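The structure appears right after this line, and notes come after that.
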Amino acid sequence: EWPETGRLALYLLGLRATCPSPEPGPQRSLVTWLKYYLEEDWAGSRQHGHPLNGYYQYSLGVLALCVHRKRVREEVIRRLLVAEQHGRFGHIGGSAVDTEAVAALAFACLERERLVGARLAAELRAATHRTRRRMVEAQGRAGFFGNVYSTPWAMQVFIATDMCRVQPAYGRAMAALLENLDAFTTAATMAQVLPVLHGRSYLDIASMRCQEEPDTLTPISPEPPPEVVGNKMVRLVVECPEPRCPQHRLYDQPVPVPAGASLLDVLRAATAQGPHNFTFDTQDTPQGPFLSQVLGLEARQRKRSYWQLLSAPSTSLQMGVADYRPRDGETLILRLSEW
């Protein structure tokens, strides 16, 4: 299996934020594993030209090591710098904002914690400035940087570099975020947006004074969503590009579901609907279920492919399969795409 670079990085960020006991044994072991995973992850570049798990997870790994105040080899940092300079963070038909933002946070952290020399620090500062400029230029009409989920990452960059009060784009993004807080329903997405709502970034974890942190965490039980009565009809379409799929459109059927059904519920209903055979599979991730296979066609990270979720004709969904609730009469497209 591939190294879980991003998952371990997020765990280490969370662990540092909880102010663990001074005993460094377990943390030290995990940090060592993360350094190892970064090297294993990059080994894929010799064959594929990019880290096996992608630049997003690779950047998360560098950020987590920095927050734990661990030095990173200059070669590891320059791999990200070169990718930023040559625009390699993006993917076809999608946004690179989240990846660019995580890389910029790693750059800002390395500079702030003085874990690099003066010359490299200047290069990192310039890369962070370029990233901020691209985010401002690419801000959408709705106020988001990329989409609703990448926006908190981008906003953390402005917070970490003390630019949030002087950049009007930040204020527009905050207004858009406050109107769409119901999109953040999983622990992973909440962990991205909560620091922003308090004017913080993940870089602040490195400077926490744990002795002054009150132990006030209490578990809460989320209220169940209100029940919606009635039914709706959703048209489900599956597309696969040529030459891989000469037929192109592999599935096109109306699917009746309850009024409150999510996209995941639509997919489940389609599997039980005959005579057209529909199959799909998901993988569990910190952000919720990830659509990994449709009609026997797999989205494979090694081949840089994924199932793009669209509302016809071409509006990319801002939520995952378990969170998005289609409208009555809406056409949803599952399109096998490359990144």
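For all residues, glycine too, the Cβ spot is worked out from N, Cα and C.
Curation does not apply to TrEMBL; its annotations are automatic.
Feature list (source: TrEMBL):
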type	residues	note
BINDING	Asp98, Asn147, Gln192, Trp307, Gln308, Leu309, Leu317, Trp339	cyanocob(III)alamin binding site
DISULFID	Cys66-Cys109	disulfide bond
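Rounded to the nearest whole angstrom, the C-alpha distance between Leu317 (cyanocob(III)alamin binding site) and Cys109 (disulfide bond) is 32. When the recorded positions Cys66, Cys109, Leu317 are compared by the number of other CB atoms within 10 angstroms of each CB, Leu317 has the fewest.
A gap of 32 Å separates the Cα atoms of Gln308 (cyanocob(III)alamin binding site) and Cys109 (disulfide bond). On a Cα basis, Cys66 (disulfide bond) lies 18 Å away from Gln192 (cyanocob(III)alamin binding site). If you take the C-beta of Leu309 (cyanocob(III)alamin binding site) and look for same-chain residues 6 or more apart in sequence within under 8 angstroms, you find Leu263, Leu291, Ser316, Leu317, Gly320, Val321, Tyr324, Leu332, Ile333, Leu334. A distance of 24 Å separates the Cα atom of Cys109 (disulfide bond) from that of Asn147 (cyanocob(III)alamin binding site). Cα of Asp98 (cyanocob(III)alamin binding site) to Cα of Cys66 (disulfide bond): a distance of 18 Å.
If you measure from the Cα atom of Trp307 (cyanocob(III)alamin binding site) to that of Cys66 (disulfide bond), you get 33 Å.
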